[in-house]
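Got a structure for you, questions after.
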Amino acid sequence: MLTIADKTFQSRLFTGTGKFANKHLMASAIEASGSQLATMALKRVDIRSEQDDILQPIIDAGVNLLPNTSGAKNAKDAIFAAHLAREALGTNWLKLEIHPDPKYLMPDPIETLKAAEQLVKDGFVVLPYCHADPVLCKRLEEVGCAAVMPLGAPIGSNKGIASADFLEIIIDQANVPVIVDAGIGAPSHAARAMEMGADAVLVNTAIAASQQPVEMAIAFKLAVEAGRMAYLAGLAGKVSHAVASSPLTSFLDE
């Protein structure tokens, strides 16, 4: 079980809602993944409708919504979007995203920290998307973020855990859950993140853009479970030389 702020999750696989061919496929994939938390950009939600066409399948499945501020270019934009999301969706949970560069979508660390500090004061449960920067993640924790979401690799790149060395430090020193977000392109990437000790992973593109999203969602579900189980079981340490798994010569003396 994973507890973040006031919610407890059985699944450690969080999902995104973008890039699916249609809303029905999105809902089916999320259900197959077992995910209990799905993030959605506020700009995709019709806040004037009480039963938004995109949101409803997720709500009907009992999945928690995590609105995000994708598209915000600075702290001011993100704070405005956050309050709009809370009013429209009735949740104080927020995935904080600030990436002013439209090409690489790198999160702005200065604006993210500034926005996070204010949003926590405003009563939000803040989950910030950020660089795999151990110092920044500690600062975000110190201002009251409920979890941190460092990137594995650039958004949508499917490059996997490119920031492994830094993620290991973040995981080691964190006192809040660490959710590896962005760049996870295969179930094996998700398993690796979990084996490292990450508390959860968030996956979108790898599921939505696959040829069979529902089957891929199941694959990610199993990978996350396997990775977590391996971490708890205790992985055998790495060594620089060969170590025989059985005696090489003792049987000759028998």
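Here the Cβ of each residue, glycine as well, is placed from N, Cα and C on the backbone.
Here Swiss-Prot flags Lys95 as active site, schiff-base intermediate with DXP. Annotated 1-deoxy-D-xylulose 5-phosphate binding site per Swiss-Prot: Gly156, Ala182, Gly183, Asn204, Thr205, in sequence order.
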Find, for the listed binding-site residues Gly156, Gly183, the residue with the lowest Cβ contact count at a 10 Å cut-off, counting only other Cβ atoms.
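Looking at the binding-site residues Gly156, Gly183, the Cβ with the fewest others within 10 Å is that of Gly156.
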These are the binding-site residues: Asn204, Thr205. Which one scores highest on other Cβ atoms within 10 Å?
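Of Asn204, Thr205, the one with the most crowded Cβ is Asn204.
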Applying the rule Cβ within 8 Å of the centroid of the Cβ atoms of Gly156, Ala182, Gly183, Asn204, Thr205, what extra residues of the same chain belong around the 1-deoxy-D-xylulose 5-phosphate site?
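Counting only non-site residues, the set is Gly16, Ala153, Pro154, Ile155, Ser157, Asn158, Asp181, Ile184, Gly185, Val203, Ala206.
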Sorry to bug you, but what's the C-alpha spacing from the residue listed as 'active site, schiff-base intermediate with DXP' to Ala182 (1-deoxy-D-xylulose 5-phosphate binding site), rounded to the closest Å?
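Their Cα atoms are separated by 13 Å.
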Which ones in the same chain are close to the residue listed as 'active site, schiff-base intermediate with DXP', with CB under 8 Å and 6+ residues apart in sequence?
Thr39, Leu66, Pro67, Asn68, Thr69, Leu127, Pro128, Tyr129, Met149
Please state how far apart, in Å and to a whole number, the two most distant Cα atoms are among Gly156, Ala182, Gly183, Asn204, Thr205, the recorded 1-deoxy-D-xylulose 5-phosphate-binding residues.
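Overall maximum Cα spacing for these binding residues reaches 9 Å.
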Is it possible to get the count of other C-beta atoms within 10 angstroms of the C-beta of Ala182 (1-deoxy-D-xylulose 5-phosphate binding site)?
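Taking every protein chain into account, the count is 28.
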Reduced to three states, what secondary structure does DSSP give Lys95 (active site, schiff-base intermediate with DXP)?
strand
Could you find out if DSSP has Ala182 (1-deoxy-D-xylulose 5-phosphate binding site) as helix, strand or coil?
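The residue in question, Ala182 (1-deoxy-D-xylulose 5-phosphate binding site), is coil (DSSP, three-state).
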